[in-house]
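Accompanying notes for the structure given below.
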Amino acid sequence: MSLSLGTIIPRIFLGHVNTSQYDDVATFFTLTHVLQPRSCFISHYKLPYTQNLKTHVAFVSKFDHTCSYPVMEEEADTKQKKFDFFCDPDEKEEEYSKELDVAVRAVQMACSLCQRVQDTLISNTTRSRTNHQVHSKDDNSPVTVADWSVQAIVSWILSECLGSENISIVAEEDVQTLSEANASGLLEAVVETVNQCLAEAPRFGVQKPIPALGTSEVLEIIRRCNSIGGPTGRFWVLDPVDGTLGFVRGDQYAVALALIEDGEVVLGVLGCPNYPMRKEWLSYHHRYHRIISKLTPPTSETWNKGCVLYAKRGSGKAWMQPLLHANKMFVWPNQAKQVTVSSIDNPALATFCEPVEKANSSHSFTAGLAHSVGLRKQPLRVYSMVKYAAIARGDAEVFMKFARAGYKEKIWDHAAGVIIIQEAGGVVTDAGGRPLDFSKGLYLEGLDRGIVACSGSTLHEKIIDAVDASWGSSSL
Ligand SMILES: Nc1ncnc2c1ncn2[C@@H]1O[C@H](COP(=O)(O)OS(=O)(=O)O)[C@@H](OP(=O)(O)O)[C@H]1O
Ligand SMILES: [Mg+2]
């Protein structure tokens with residue numbers, strides 16, 4: 001077993017630790033009754049130990065709490081017994097805990113990075129923004145320093161904390177633009193943004209890189225997020241800045257990270273840095289919220305705008321944390337509260353949300369559906385996966401998206417949001433009522449017409465029936 005940042009140590013462990021990357025070779029003895037829960041993370045590259053073979057001291061840490069524990073020597077014939085203990089049924093509950101913990105910290109850091117970049121973007125003039133900070137992709141959608149920088153830091157944190165040999169990531173950005181000869185200014189800005197963010201890592205309980213990352217390392221950590229997904233194995237899915245249009249306009253956007261195993265989403269983490277303190281403000285452009293926040297500054301005790309939502313498959317629970325305040329230390333679970341979907345099932349009282357851009361979803365088709373099922377309120381048009389967050393938090397009841405024919409939905413635009421809604425008690429399917437299929441590579445292949453997410457099955461069934469009834473006469 002070789003140790004690195006993020007190595008998991010069973011509470012009961014017998015064996016030798018190969019620390020060949022360091023000066024010493026440590027003999028590692030059983031860690032008996034030392035940790036609750038039964039696993040911990042090594043947060044120091046160096047594992048100090050005494051020369052005394054009977055009483056070793058391991059410095060272990062579950063991110064924030066660095067402690068030292070006496071380690072007792074064990075007899076070799078107890079090995080099997082210890083192994084059985086390690087595989088007890090409680091282990092199930094621990095499944096993906098380490099991944100979730102790391103993913104939430106990564107998304108918290110990403111949100112902090114994005115807030116900084118968005119503040120700079122909207123305070124700069126339109127001219128300088130166009131020239132330096134916002135770029136167009138081949139499909140004319142915008143991409144910013146924040147997209148590449150978030151991809152870099154998430155890639156770095158997952159690899160450092162979970163072991164790079166196990167990390168496979170599907171993510172939205174590639175390094176083509178950054179690698180072009182005329183992109184040196186942009187690349188420099190990305191490297192600076194990445195290092196500025198990672199310098200803050202200890203506040204989030206993550207070790208920072210020493211020395212800071214160089215240009216080629218930053219390019220490499222972005223580039224290696226080039227997995228293509230598929231039906232088997234484990235891979236992460238990242239949308240570094242979902243709703244980039246909302247982001248550059250100073251409005252809503254999200255950071256979305258999910259873990260997929262054998263084609264199923266098993267973890268979802270969704271950062272919504274501009275989620276307002278009051279749900280009614282979702283329907284206003286974010287600049288109103290900025291003005292209001294300035295008039296009534298939040299105290300450290302109140303829930304500021306912005307949150308991170310997360311859920312583990314099969315837990316039946318979804319959670320929400322506030323973003324970490326400046327100068328505060330992240331201590332798990334960082335004031336997390338459970339969230340559940342709304343109990344409203346009367347369409348007349350329900351709120352439905354949809355994409356802001358009518359190019360992304362037919363507003364006229366959803367208006368017809370809304371009318372036929374009796375949804376009476378104005379649609380809530382919000383950029384990005386913040387719509388999924390609104391359903392999971394109980395702030396809206398329905399989300400519908402009907403893209404133009406031929407558009408293929410990407411897995412990173414939905415994975416994190418889908419599992420969070422499902423674990424919060426809601427339902428998400430395609431317009432034929434079938435689950436979204438994350439096992440077919442980068443796209444939601446086979447998606448039937450559109451996506452319908454609801455707080456409950458009553459509303460969901462009504463909408464699915466209405467789609468069938470009106471599809472033939474639609475122009476989609
Ligand atoms: N033509 C078309 N049709 C459907 N969907 C599209 C289309 N073009 C882009 N996209 C994807 O939509 C993501 C933006 O989120 P939304 O779909 O919620 O739209 S909106 O931003 O609120 O208008 C957006 O995510 P980001 O690229 O991360 O911003 C895209 O992946
Ligand atoms: Mg997206």
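Glycine is treated like the rest: Cβ placed from N, Cα and C.
What TrEMBL records for this protein:
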- Glu172, Asp239, Asp242, Asp413: Mg(2+) binding site (BINDING)
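Where TrEMBL records a feature, it is marked here on the structure.
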| residue | record | Cβ neighbours (10 Å) |
| --- | --- | --- |
| Glu172 | Mg(2+) binding site | 24 |
| Asp239 | Mg(2+) binding site | 31 |
| Asp242 | Mg(2+) binding site | 29 |
| Asp413 | Mg(2+) binding site | 22 |
Using the recorded Mg(2+) site (Glu172, Asp239, Asp242, Asp413) as reference, state which further residues of the same chain have their Cβ within 8 Å of the centre of those residues' Cβ atoms, listed in sequence order. Leu238, Pro240, Val241, Gly243, Ala254, Ala256, Ser384, Met385, Lys410, Trp412
